[in-house]
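What TrEMBL records for this protein:
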ACT_SITE  Cys270  active site
ACT_SITE  His329  active site
ACT_SITE  Asp352  active site
DOMAIN    262-355  domain 'Transglutaminase-like'
Amino acid sequence: GLSFKKCNLRITMNNNNHHTQEISTERLVVRRGQPFTITVSFSAPVHSYLKQLKRTFLIAQTGQNPSKPDGTQIEFPISGLGDQRQWSAALEEQDPCFWTITVKAPANAPIGQYALFLHASKCHRHLGDFTLLFNPWCQDDEVFLGNEAQRQEYILNQEGVIYWGTENAVLAQPWDFSQLEEDILDICFILLGVAERQQGDKDQSRRKSPVYICRTVAAMMNCNELRGILTECETGQCCNGTPPSKWLGSSPILRQWFASRCKPVRYGQCWVFAAVMCTVLRCLGIPTRVVTGFTWAHNTDTSLSVDEYYDEDGTLLTQAQSARVWTFHVWNECWMARADLLPEYSGWQALDATCQEKSEGPSFCGPAPVKAIKDGDTDIDYDVCYFFAAINAKCQVWIQEAGDTFKPALGSTKYTGNNISTKGVGSERCEDVTQSYKYPEGSLQEKEVLDKVYRKTKKLHTTSSSSETQFSSIPTALEEPVNLFIQLQSESSQLLGQDIPLSIEVFNYSGGEKATHLVLGAQSLQYNGVPVTQLWKEKFDFILKSNEASTLKVFVPCSQYGKELGENHLLRLTATLRDKDSYVYFAQEEISICDPPLTVEFPENMVQYQPSTAKISLLNPLTEPLEKCVIVVTGRGLVYRQRKYRLGSVQPKSTEKLQIPLTPTQTGPRRLTAHLTCLQLQGLKSYKTTDVAAA
């Protein structure tokens, strides 16, 4: 018989071949559908090895209760590498004292933590443990991605960019995904286990499906669905927790969740859910990216219309209903073949962990084929109809009249789903992916898709006795008398500390003179469309002659808007115009108030293991000092963990400079991130990437 001595899992070689060397150098982490090699040593020479080989097989098992029927315990001979649908092993090299064996998991094996055993006639030995992940490098895996640059970006790149702001002033914030850190891998599998226990799902063989993994992880992101990872900060008041804008990366959130025995972490909003989900899915081997859409209709429950309500002076009212237009929204896309759908629906799938109020099903959405969203195939799984409504709904503005009635404003229709963006592959440029979700605005294809969805709606209305149908409302055009026209213009972004210039043009197209009343307003806003505070208002009365245009230029003073901007630094500017016939005309703009400049500079050349210095500069553009300034600096391969620098006060209109000594330990592109907090500002982040040469 065999006298087993030890097994060498050849971790360094295997992990390098399986693109997991950054995850660990101490444990075996491999990908399905791709062979890995082990060496089994014997304490006594093995004679007539072919005879011994016939009586020897391997056992791989995963989960708490492995079993052969559900595919979580597999016996397989050492007889040669088989096809991609079965576990197989081959003897690559043999010597009387050792065997070198190549093992291959099928490309559809459940991911998980496995134990590997060798079984001979009188010998049953544990060879070692390994972790099995999805494999985008394997053509037979459902997550196969053919482009190497995309695999590097969507699986292996740990440093991301998340976009926010407004559609006309897109801002970038850095995010550290940390998906290749060893403890993050363990936390990801603990997360799967917790989700499965909460859902009463004991069948670990379902982990073979990327669709199942995506839905399980999405359910765990928001504690409204399961006892999940994050608590949503809905009101903007983030007491007893970390405000969403202060997070710099996913690993502190996942580690805090694990350390607190799976207690939800406070707080997250859409970009935090999407960023943490990107970390988990990339870690498990599913190509994933973070996507931002501007002017997003949320909680419409698939309706293609959404309403905004304003008082008579153009102040946005806090709506009782939850459906509203968000300035921006962040979700994920995951790359996979959809084995449950037609082949045309394979590719990028939209996945949204932020809670939606839906008439049925879980509160997250997806994975929904992006192609199905574009083509209006709203009956395709999962939740295509919700994504379609969110980026195709029209928003009607209603103005409050006497007696709490509301009247539709003229000239104010707002369109959703603008400027859908993600980080470019291998660069930090912003890539516009709107054309993946929508046909060009005004094109024949767009009209055909909308008509198709409206026809489905009409059919549902006539065939369903239920009041809840798939698309419960079709936007209709209002009859608009073309008498007056109002246009509001401003800069799309403004530096904090400066007055905001506004330009308002009013045209009188009617045949007679018009007496008009104009109210201008500025209101701080959360990104999810919830008003914070009315900050400024001015009223004007003037008479317009027939076919006359009038232009008005005013400034919103910084002293009026600077104190109560809200966490997202968004302002909604409104112009409400009434004529003597009681028609109401309305125009609106949203602008981002940009934080003071925080810049990061590197020396021209940086070399691994050679001491160097980065410089951080902070300009205070305000007329008051920035008090209690603290800068936190992070940078994988540049500085160890986080560094905290206390600057104290930065005087008005002055620049504070900070020297950061560092010694690069890793080569290639390396990013340094600086995060400033002070009494006046909380979420100011800046970053710069440099290329570190090998020593």
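Heads up, the Cβ atoms here are built off N, Cα and C, so glycines get one too.
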Problem set entry | For the domain 'Transglutaminase-like' (262-355), residues assigned helix / strand / coil by DSSP | 18 helix, 41 strand, 35 coil
For this session: Restricting attention to the domain 'Transglutaminase-like' (262-355), give the mean pLDDT.
Result: 93
Exercise. In Å, rounded, how far does the Cα of Cys270 (active site) sit from the Cα of Asp352 (active site)?
Worked result: 9
Exercise. What Cα-Cα separation, expressed in whole Å, is found between His329 (active site) and Asp352 (active site)?
Worked result: 10
Exercise. Tell me which residues of the chain lie with their Cβ under 8 angstroms from that of Asp352 (active site), as long as they are six or more apart in sequence?
Worked result: Ala218, Ala274, Trp331, Asn332, Phe364, Cys365, Gly366, Asp383, Tyr386, Phe387
Problem set entry | Count of other CB atoms lying within 10 Å of the CB belonging to His329 (active site) | 28
For this session: Quick one: give me the count of other CB atoms within 10 A of the CB of Cys270 (active site).
Result: 26
